[in-house]
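Copied from TrEMBL, the annotated features are:
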DOMAIN    37-85  domain 'NADH-Ubiquinone oxidoreductase (complex I) chain 5 N-terminal'
DOMAIN    102-382  domain 'NADH:quinone oxidoreductase/Mrp antiporter transmembrane'
DOMAIN    389-570  domain 'NADH dehydrogenase subunit 5 C-terminal'
TRANSMEM  7-32  transmembrane segment
TRANSMEM  82-101  transmembrane segment
TRANSMEM  147-169  transmembrane segment
TRANSMEM  175-193  transmembrane segment
TRANSMEM  213-233  transmembrane segment
TRANSMEM  239-261  transmembrane segment
TRANSMEM  268-288  transmembrane segment
TRANSMEM  300-318  transmembrane segment
TRANSMEM  338-357  transmembrane segment
TRANSMEM  377-399  transmembrane segment
TRANSMEM  420-444  transmembrane segment
TRANSMEM  554-575  transmembrane segment
Amino acid sequence: MCFISFFFLFFFSLMNFFMVIYFIMNNIIIILEWEIISFNSLSIIMSILLDWMSLLFMMFVSLISSVVIYYSKSYMSSELNLNRFIILVLLFVFSMILLIISPNIVSILLGWDGLGLVSYCLVIYYQNIKSYNAGMLTALSNRIGDLFILMVIGWMMNYGSWNYLFYLSFMKNDYSMFMISIMIIIAAMTKSAQIPFSSWLPAAMAAPTPVSALVHSSTLVTAGVYLLIRFNFLLVDMMFIKILLLLSGLTMFMAGISANYEFDLKKIIALSTLSQLGLMMSILSMGMPDLAFFHLLTHAMFKALLFMCAGVIIHMMMDIQDIRFMGGISNFIPMTSLCMNVSNMALCGIPFLAGFYSKDLILEMVSLSNLNFFIFLLYYISTGLTMFYSFRLTMYLMINDYNLLSIYNLYDEDFTMLKSMMILLLMSIISGSFLMWLIFSYPYMIFLPFNMKMMVIYVSILGAFLGFFISNMNIYSVNKFLMTYQVSNFLCLMWFMPNLSTYGLNFYFLNFGQMMLKNIDMGWSEMYSGQGYFFIVKKYSVLFNLFHLKNYKIYLFSFVLWMFMLIILMIFLYLNSL
């Protein structure tokens, strides 16, 4: 099953690659319409959109998923139901492909919902309470996006068809299109985990590592960005897109800070994914969809590789994810460390690796744009923070001392995992320049003052120095440096978002429910129904029980009482008859 899936997806990816080149060279867009059913005037049509963007994204998705499936053969080797896992991953890939190639909002909902459902199944794959909570948070956060897309389907009934591609340009100033675009933005924010829906992405790290590499780094979380890229004609000149710019900039900043406080290896990488998603969303809301798409593709490569390396390291460490136990692994697993370092450097935007081309271009376009200083600062501080947490991670993993048990338990690397990582290592190095030649038909000449041009390098060097010094410091001194324990707690817990989106939302409802249970169900309704009747009947039955005791005094007394009542009745009747 593993090999079949791997070869199928890999060759599908190669086929897409050649088609992309053909489509770009000849500037082709193909829309296929397949009429499923035609009954009187009703026709149900499945439409497929093939242009360079959908084909390129499909190529990257199928390449990463083929590599991940090959990697799972070794990583999940102790799993009894390996085929079930691979079928889930394949279902996920097919949902993603349906989302990518459909210009129809209904089939987009099918792919979108498929992603959410399969993602839930994969997050709860290891069945324990933590996975269950993470899965519920993931599924319910994504339900909000599904709901908004359903509402979009309802709103698009006015236009007579659900092929949104035909309506983008000429209905731009229409009020219902304004409503549709707001709903699309909110749906994309839930799927791409922007503030205030950010808490599900680090929680979803309860899934197996291959799933994290495929789902929560490169494909599922970029579905929202991809949807916005498709709808980008609607979004320019909108007020709401400026709010998205602010929120995604804050997401980028918040994730960068939280990653510096985190000690869980997978959560650090998840937060770095969140930071890069903020970067994509913010450059998208500045009206540059091609740059967002470029960064989406390069990021998918090195982030999937980073997760795979993390998976190998967690295996080596006897399933410990805490980076404080690790250290000096470059002596024991050199090839994995090489991949880890290259992907980390690509993430930081070290020149001529994949991340550099997209990130540098984005930051220079930000410097060139006429936005305010706050957004400018958010971009550059977040870039510095990326360098910061990457350097801190490298310090903890590679340079510090090995902190696990005294028993030497690192074994040599697994070649199945290594072979799959090598493909992504190659792509992490070359995909930036390769895509830059492919996507942009003319070279961008960005003319800036020298210091602004070098600004990226300045913040990166500053971030690296800070990362180095903070890793050598004690954690208490870092908190002392931030003045209070409360501030560092606030920064560490993702600005309290996980608490707010779980306990914060349901506290009032659960509290109200408890009050209702106590005062209504167990209180008044008991008094006036079951329990109350029971007490009344019990009192009277005790009284009647006295009569049923065969006691002579009671009989005599009741006889006297009856005679007395009879005499009173006769007197009353006699008086009435007068």
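Glycine is no exception: its Cβ is also placed from the backbone N, Cα and C atoms.
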Among the ranges 82-101, 175-193, 300-318, 554-575, the one whose Cβ pairs under 8 Å to the transmembrane segment (213-233) are most numerous:
175-193
Tertiary contacts of the transmembrane segment (268-288), defined by C-beta under 8 angstroms and 6+ residue spacing from its ends, are 188-189, 192-194, 198, 201-202, 204-205, 212, 216-217, 221-222, 224-225, 228-229, 232, 235-236, 241-242, 244-245, 248-253, 255-256, 258-259, 262, 295-296, 299, 303, 306-307, 310, 323, 347, 359, 362, 365-366, 369, 371, 375, 378-379, 382, 385-386, 389-390, 393, 494
Structural state census, the domain 'NADH-Ubiquinone oxidoreductase (complex I) chain 5 N-terminal' (37-85) (DSSP three-state):
28 helix, 12 strand, 9 coil
What same-chain residues lie close to the transmembrane segment (554-575): Cβ under 8 Å, and 6 or more beyond its ends?
546-547
Near the transmembrane segment (420-444), which residues from the same chain, at least 6 beyond its ends, have a CB less than 8 A from one of its CBs?
20-21, 24, 52, 56, 63-64, 67-68, 70-71, 290, 293-294, 297-298, 301-302, 304-305, 308-309, 312, 335-336, 338-339, 342-343, 346, 352-358, 361
Rounded mean pLDDT within the domain 'NADH-Ubiquinone oxidoreductase (complex I) chain 5 N-terminal' (37-85) lands at 90
